[in-house]
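J.: So that we are looking at the same thing, I have put the structure below in structure tokens.
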Amino acid sequence: MQIRKRPRRTALLAMVSAAATAATGLVFASTADAATTLGASAAEKGRYFGAAIAAGRLGDSTYTRLLTTEFTSVTPENEMKWDATEPQQGRFSFTNGDRILNQGLSNGSKVRGHALLWHAQQPGWAQSLSGSALRNAAINHVTQVAGHYKGKIYAWDVVNEAFADGGSGGRRDSNLQRTGNDWIEAAFRAARAADPAAKLCYNDYNTDGINAKSTGIYTMVRDFKARGVPIDCVGFQSHLGTGIDSSYQANLQRFADLGVDVQITELDVQQGGNQANIYATVTRACLAVARCTGITVWGIRDSDSWRDDNPLLFDGGGNKKAAYTSVLNALNAGGTTTPPSSPPVTTSPPPSGGGACAATVSLNSWNGGYVATVRVNAGSAPVNGWTVAVALPSGSAVTSTWNATATGSPGTVSFRNVTYNGQIPAGGHTEFGFQGTGAGPTATPACTVT
Ligand code: G2I
């Protein structure tokens, strides 16, 4: 089905300051080994580069070619929303959501779940509920959908767009909000119980700088962290117009400083203004914030967009636009945490064989299973390829792996880099992950360069 093009959200985009695009110009990567795809370049910086995709477009070969070569994360544009997954109360429909999931997993990509609870795109039956009936239905929805995808989702937008626009800094009125102010934390607790491995995000728009709305969300996240409400990340949609607020990066950083990851979740930028520069500014901001784990653009080609102002990185024919080149150059030039005032970090071609590496593992465990995130750190010399050996306890086996290929499960499993993350600059790192049954590994993994 064709996605309906909506008129540009004038009120939303008018919020964007036209003033502050720094006159940075483009930084061109000059090294012979610069990565040539968005996903590969972002992976070199320990980040993903994703796209929102639609199940109805997966039969389009240009679309899937761009998807599988350029992107390392997928977000379902509509297929995991409430109206799609629970069209009748208690009757769940995961066919199209599963298609997005399987497309992502089969390509070794992360999958961002979007969105468990939102005031929009609710099924009719939910729109007509209120009070405890709605609250119970909403929590059941979170439990069932997050449970269906348990262990497979990198990050869930648990709650989407719950804050009001304008200067109040308060919550948006909605049927969910009228069930009580604690509906958001109830949703996060239910999501954690249903899928302990997923990072749980709050996601919103018009949060592209330090403003009343982003400060309202900031205050909520700070309160959640103080009270132990499970929240791991904040998504900044970043539907942008012809300018970008000068406090864009500082805003990401203040959230990261609360102890949550930040992600750019729905990036698109109006064409006609400074599109290429604004894309680069957002990319550099993410690279400059250590806890900015990745960027997702909201569609692949301009013709796939919900907007009618050609806001994406590929034109309708699937050709790379200036905005694409601008993002790739920014990724290739950027360091992982380097403030933008510092000179860009450039990498020289790694010597064959590369330097030494070391690996650390962190676990997210539940009764009967776990997800392991393994960080591969380069030493003082660049690494050209790596293998990490992880000893699994008896009774444990690997069931899925992302950003690496695994051999030898059960027992001591050997994880080897995939094409886009073998090269790690000196002092840099990359990450891969795997899910397993039983208890997770306890010993420090052994990393060898290849
Ligand atoms: O509005 C842009 C995005 C803002 N943040 C949350 C996102 O979830 C939202 O995505 C858009 C989708 O890109 C559109 O594709 O959400 C819209 C709905 O609010 C989506 O549009 C809907 C159309 O309104 C429906 O008529 C259509 O049936 O897409 C549906 C599926 O194609």
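If you go along the chain as it appears here, the first residue is 1 and each next one adds 1.
Even glycines carry a Cβ here, placed using N, Cα and C.
Curation plays no part in TrEMBL annotations; they are all automatic predictions.
The signal peptide annotation in TrEMBL covers 1-22. The feature domain 'GH10' is assigned by TrEMBL to 32-330. Positions annotated as active site, nucleophile by TrEMBL: E266. Sequence annotations record features per position, and here TrEMBL assigns region 'Disordered' to 333-354. Residues annotated as compositional bias 'Pro residues' in TrEMBL: 340-352. Annotation comment: TrEMBL describes 350-450 as domain 'CBM2'.
So where do these features actually land, and what's packed around them?
T.: Mapped onto three states, the DSSP output places E266 (active site, nucleophile) in strand. The number of other Cβ atoms within 10 Å of the Cβ belonging to E266 (active site, nucleophile), over all protein chains shown, comes to 24.
Model confidence over the domain 'CBM2' (350-450) stands at 85, taken as the mean pLDDT rounded to a whole number.
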J.: Per DSSP, what is the helix/strand/coil residue tally across the domain 'CBM2' (350-450)?
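T.: Once the DSSP states are binned, the domain 'CBM2' (350-450) shows 3 helix, 54 strand, 44 coil.
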